[in-house]
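The NADP(+) binding site feature in Swiss-Prot is assigned to R46. Annotated FMN binding site per Swiss-Prot: R121, A122, S123, N237, A238, G277, K292, P293, T294, P295, S296, R318, in sequence order.
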Amino acid sequence: MNSFGIRFKFTSFGESHGQAIGCVIDGMPAGVKFDFDFLQEMLDKRKPGQNKFSTPRKEEDKAQVLSGVFEGYTTGTPISVLVYNENTRSKDYEKDVFRPAHADFTYYHKYGIRDYRGGGRASARESIARVAAGALAQMLLKEFDIEIMSGVFGVGSIDSKLSNDEFDFNCAKNSEVYALDKNLEQSFKDEILKAKKAKDSIGARVFTRVKNPIKGLGEPLYDKLDSKLAHAIMGVNAVKAIEIGSGIQSSYMYGSQNNDELKDGVFLSNHSGGILGGISNGGFIDIKTYFKPTPSIFLPQQTQNIQGENIIRELKGRHDPCVGIRGSIVVNAMVAICMADALLLNASSNLQNLQRVYGKNK
């Protein structure tokens, strides 16, 4: 639906070419220091039109916080964030034509009506709401020294050979394409521009790490931390697969290779990706996310119109040649939301926690 989370919950609203995109965050505890500059920084990292590796649609994406914050701190009431759309160009979209590999076809057959302008609700423009909610989640996580970092480790046929521990998040922070490998940053850029010049698009791969996760986060059996992360990330536009820890590679291993042995309270490896039995074990939570190529390309393609007629169309509009670049910011936000939700849920997981909250320790 349009909401995500149990205790830390957000609801998003708005369409690509509507008046605004926004979200309402419910469950944020009172007393968390609110950092508006950080919120805007996260939105700026996601916003379009920053360079030639992104869509040429330029939006300022300035956040307006309408409620839930007073004198620099959260009040415990719903926090609403609004971002206005200021640079729409709806004439680029045809009302009766299904764009290949887009949600046009499925939305129409589900609802019998669709907002065709820029993909409407199915547009990645909606991810503004996710990034805003994720920024609030990170403000909460910061109070517990939990840090979430993401970047791009592969574009097209080019993959970094660095290990998870060797990825350079400082490089990603300063890179136009959020590259985790300085030696491949230019190759990533070249690959994107090559696809763009050919009127095509290209896929990408993102790595996310949660540092300092508290042990015990996750709600088995049906709200396991890894299943919630998969749920959250697979809901991001253009994501087709994720891996946690060794992921697919673990299916090629023996148990003796895949098991993370424990000595003196420390795991000697991290094939599990920091999660055992759906619960965090205190190690790094390592996630890889795989983005398909942006479906909006400028080559002739076969499709159909609403009347069922076969037609050939070249798309118009302004689109990312590689959606995974800005998508890395959205994945980071959704991981933060999952971790904040798990943190709050865990507060009532046992009697001792509740006794500490209410000063009833025996």
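Cβ atoms here come from the backbone N, Cα and C positions, even for glycine.
The structure, with features from Swiss-Prot marked on it.
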| residue | record | DSSP class |
| --- | --- | --- |
| R46 | NADP(+) binding site | helix |
| R121 | FMN binding site | helix |
| A238 | FMN binding site | coil |
| K292 | FMN binding site | coil |
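Counting every protein chain shown, 17 other Cβ atoms lie within 10 Å of the Cβ of K292 (FMN binding site). Of all Cβ atoms in the protein chains displayed, 24 besides its own lie within 10 Å of the Cβ of the residue listed as 'NADP(+) binding site'. Recorded residues K292 (FMN binding site) and R46 (NADP(+) binding site) have their alpha carbons 18 Å apart, per Cα-Cα distance. Residue environment of S123 (FMN binding site) contains 20 other Cβ atoms, counted within 10 Å of its Cβ in all protein chains. Cα-Cα distance from A238 (FMN binding site) to R46 (NADP(+) binding site): 15 Å (rounded to the nearest whole number). Its own atom aside, the Cβ of A238 (FMN binding site) has 22 Cβ atoms within 10 angstroms in the protein chains shown. Whole-number maximum of the Cα to Cα distances across the FMN-binding residues R121, A122, S123, N237, A238, G277, K292, P293, T294, P295, S296, R318: 44 angstrom. Spacing of the residue listed as 'NADP(+) binding site' relative to S123 (FMN binding site) is 14 Å (Cα to Cα, whole number).
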